Amino acid sequence: MGPDVPLLNEYKQEFFWKRFPQTVLGGPRFKLGYCAPPFVYVNQVVLFLTPWLFGGIGTLLCQLQVLQELHAAVLSGMLMFAAAVAVQALAHYAARKSSTVERLGAPNILVDEEEVEFTNCVSPETVRFIAPGKRFGLNVVLHTILAGALCGFGTWYVFLGRLTALYGSIGVSLVVFVLSWVTLCIAEYSLIVNTATETATFQAQDTYEITPLTRPLYVFAFIAVDLAYRFSNPVPELHLSSQTLHVLFLFLPLLWALGILPPLDALLLWGMEQALVFGLGGSPMSSNLRLLLMFSLSTSVAVCNYFIPSTLGVVLFSVSMGFLLSLDLSQVHTLCRRPNTTFRNHVLHRDVSQLLTPSSFGWALGGRELLLHLILLLVAMAEGGLLHHFTGPAQSLLQAPISYLLLVLFCVCWAVREIQEVYVFGGVFLNPFYPRGITNVQTFKQKSKGLYIAAAFRRILLYLVSPFAMIAFLSMDKSVQFTHRVSVSVGFTRAFRVVWQSSEDALLQMVIVVLLRFAEGNTILSGWDNLGTEVQLLLVGLLIDRLRQFMAKLKFTLTVLVTSWTEKKQRRQSAGILLALNASLCPLLLAVVALSALLSAPLLPLFTLPIFLVGFPRPQRSWPGPVGTACPCPDSVFYKQMIGSLASSLRTAFARGSLGSLTPGSHFLGRFQDRMVWIMILEKGYGYCTVNIKGLELQETSCHTVEARRVDEVFEAAFEHPERIGFSHGFNSHWGNALTPCATLEVRVYSDARNVLSGIIDSHENLRKLQDDFMKVLIWLLLRYGVQKHKGFLWSSQEGSGIWGMKSQSSQFPQTTCNQPPEAVMVESNISSVKFRQDSSSTTSFGDWSDEDDLFGPQPARRTVALVTAEAQPGHTTLETGGSLPGSVEMDSLFENMALSALQPLQPLGLGIGMPAVDKGLNPELFRENPHLNFSCPYSEIFNLPPGWRTAPLLPSCLLSLRPLFPEEWFRFTLGRFGVAVQGQTSEDMNKALKEDEVLKELHVKVALSCLISLGAETAFNSPSYIYRVYCGDVPWTEGLDWLSSSKELYQLTLKAFRLSFKLLFDQASLGAMESHEELFSTLEDYERDWYIGLVTEKGWHDGVLQEKPFLFSLGHDLAMGTYTGRVLTLQEQLVQVGHLNGEGVRGQWANLSWELLYATNDDEERYSIQAHPFMLRNLTVQAADPPLGYPIYSSAPLHFPCL
């Protein structure tokens, strides 16, 4: 798409210009898009001016001194209350009337859905259009009472006499009076008549009708300040505040229209988060419930500190509660159950115990962890109490050496953390100590040993030394004597909490306070010194945070401005004008950036253009819903598999400081092959960090590909740079990019290799070899079947067979009750297609719908098992299936919600459907044998096969002609190897007896050749398409297919043998032929133990990835290229590159996304704001947003990592 793609399409533009005036005015709809009678507009104008009319009556009576101010305000409020009651009664009546009419009348489908037929000025349609009414009766009562109170207090707030006394000018008072009533009318209309859609939208749906309360409650906040000024003693600050707020009151409609003021839910969460972090020393929380609980507990601690009479008690209580609240106490019940339970809830991880071992400190709350925490708590309390009690007058003298110690600790910790990253000094210069150009994990670990040792030293200083040094500094401070002041009490609560909650930030804040004291010298700054150390730390922490936000927002602003012109694909026709405006209004632009940083609100680039607005303040998580929602697809399994290993690596990186200074709200991006991992820090405390990990889509679009290529370039410049760094190329050439590389992590993931099989699958020599390999593999499987049966394992439940996609899943999943016949059993999707093939030579055996972009192509006749079961039962109608999302593969649609053991067995393709007729009168005795065979060796009974497998309806002459295809030498070799396994000890006589048992051999000859004929391979496999169809389970009809499919186990064995033989062919074509029977036998054992060989669309593939099978193989067909492809997944430890994203850039783009989709409803898939941007990573950022606005294919629940 070009840079001048419309920001809004024509329909959305018309919709926007209807909605925006309604938002500005609070709800009246004057722009409808169709012709409406004049009374519709007149009614809305009358209702809009009603509060002004009633307020004017009260004001007039007060000015004429007929009523006092209070009585006049009460009169206005009562009149407005009566009007609100009337409006709600009319709305209720109209709703009942309209519902009756709708039930009787038929809707006109030719009329525009927004168009309303107005009959008269008080008709139900007119009333419902103007005043839709409330959904809940409680809201009717509450909003009506608030409407009266708002009019009454508003009248009192803007009395002319009061305004004249406030400003001393009648002219100014009249202007303020008129414009203030505009604000009041807007607030009243949105509360009681019709609520406009707010530009500041946090929730996708207003379930409980909270939006109508937003504007009135802001008005009440202004009135509350004025009431405090009126009823308190004269205070200059309150007088100035009242004057300022009366002026700001006039601009409330503008602030509402621009979306700067947050909705109530976002305001409450943001306020609690800011108070918790900067006032009480806590951290943003990973959920709203945790935020509410932590805020309540922290506030209780501050209150207790205020009322504790003893200063020693304050110190001890603050130290102990600060330490306890900085721990992740909510995870105690989870971590106590068993190690890694947190991850097992989200990940099916076979080797998770190897990645997160119980001996790893912190994953389980065991004896070591409890002992360490108890020791730290007791030592901290003892240190604080003793220093405070015994230092006495010498406090200031003893603080000096502690101050120098804090300076040394900060410098050492900062320097060691800097060299842990690939870039230093804010991502500007390459780190000469960081190993680069290394792809081998072991080599990387060896070259990083020095960094690891330095990180361990830093960890000791930061987590074990620094907290106690800071506690000593605080305990000896003289301001602890004034804890009965509210500011000091809150400051002490915060100071002793942040020492543990965020040790690195607390160390920086104390160092700044110490440096200010050193710079101050003997000079006394009364205002600053009177605050006390704790309040100084609070202000310094707030200032540092806002300064960081300002710098990050300024960098994001410059990126948007510069790239709007330098990037040709981003250069719109209006780019020059916008740049000129921003340059000419540079002070205003800086003011917008500073205001957004001051409010800790996102900087919103409108449509991601260089048009900057202040978004409404919201929590750091940016989204109101719970963490962990995603849009899953079959590719999600790759992120589920790697989450356990990634968690372990992230824990180590967090502890070492390899990812920089961790703060809640930080975002990281990890890249490996086609996988992208989005990591967000949700919460941080002492010894733990809570993160959310998201996986982005693997099916790359053009925009995704452009940004992924730029991500690769940024990482290559950092991690694949030559070891020898010169001054000229030691800079970060991608400093302006939103992504700054940090470090590489060792993660156990699947590497994905895809090969075109041209020259292998179409080689005549290989096709002839495939027949011989198939016979050998089938014989190996038949003999192994006997061994497994002898050892007491059913074929469907043994470990090896479970990875081929052809076993019953009843052993893996719990049984559920379902009204299915008892003979109903589940079979895998690879043979489900057989039931529905209409003709053996028809292309309709392929699926009903296919995505030609899929490298591996559509699989034949892919239908749901639920549909198969329904059609298989007589008298059942065909199930209706919903449409799939284009471009996606519905993994779970194969099984629906049915019990896996309750699904019908599927029959092979074409049974009785357009196939040659079978002679029903044929005498079956010709093919029936005695079920009791006379074996010459007693151990031969172990390798006996079921009687049904010997009843193939094939002529003996046919089997006799194919007898040379049976590999007798391989049969004897395999029999000898399995014989040793069965006997438990080496016995040459028994092995010889087994090999010389002709009855056993003839049994396997007949069964193996019968299976060969049933697959139609008696004359070798003749084409690649035939191989592909058989591999997929779409076996063309043959004479023996009915018999083969009647035995589920034999059918599964045969298909499994074919898939193994094809994999054997693939390996031999790539690596060379097998030189001995021993090598072939060992290879087949490796396949059985370490491989999953099947199709990517099968559930077995999904399970194999989650179970971490070392290798997976799939055969595919690229319809667009007309080629067959092989895909191999290899599980191994790889280096995953991780970089830090500009968090303010992410928040700004997410704020614009929320505005575009929730307010402007701009859901066009080709809109400008979702197009690729190599610097801002715009497309990836949109993907990573929480659904329904974003579409990550995987999102974890909050994961808690130990960081000690």
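Backbone N, Cα and C define each Cβ position, glycine as well.
When TrEMBL is compared with the stretches 422-439, 530-547, 548-565, the one noted as transmembrane segment is 422-439. Beyond the ends of the transmembrane segment (213-232), by six or more residues, the same chain brings 26, 143, 146-147, 150, 153-154, 156-157, 183-184, 186-188, 190-191, 198, 238-239, 241-242, 245-246, 248-249, 252, 256, 261, 263-264 to within a C-beta distance below 8 angstroms of the stretch. Sequence-remote contacts of a segment are chain residues at least 6 beyond its ends whose Cβ falls under 8 Å from one of its Cβ atoms, and for the transmembrane segment (39-61) they are 25-26, 28-30, 67, 72-73, 75-76, 79-80, 83, 87, 118, 120-121, 126, 129-131, 150-151, 154-155, 158-160, 181, 184-185, 188-189, 193.
Per-residue confidence over the domain 'Pecanex C-terminal' (1026-1196) averages out at a pLDDT of 91. Spatially, the transmembrane segment (396-415) is not adjacent to the transmembrane segment (577-599); fewer than three Cβ-Cβ distances between them are under 8 Å for residues at least 6 apart in sequence. Between the transmembrane segment (451-475) and the stretches 73-95, 244-270, 370-390, 422-439, Cβ pairs under 8 Å are most numerous for 370-390. Panel annotation: around the transmembrane segment (244-270), residues 20, 23-24, 26, 163, 166-167, 176, 179-180, 182-183, 186-187, 198-203, 210-211, 213-215, 217-219, 222, 225-226, 288, 291, 600-601, 604, 613-619, 624, 1155, 1159 of the same chain, lying at least six beyond its termini, place a Cβ under 8 Å from a Cβ of the stretch.
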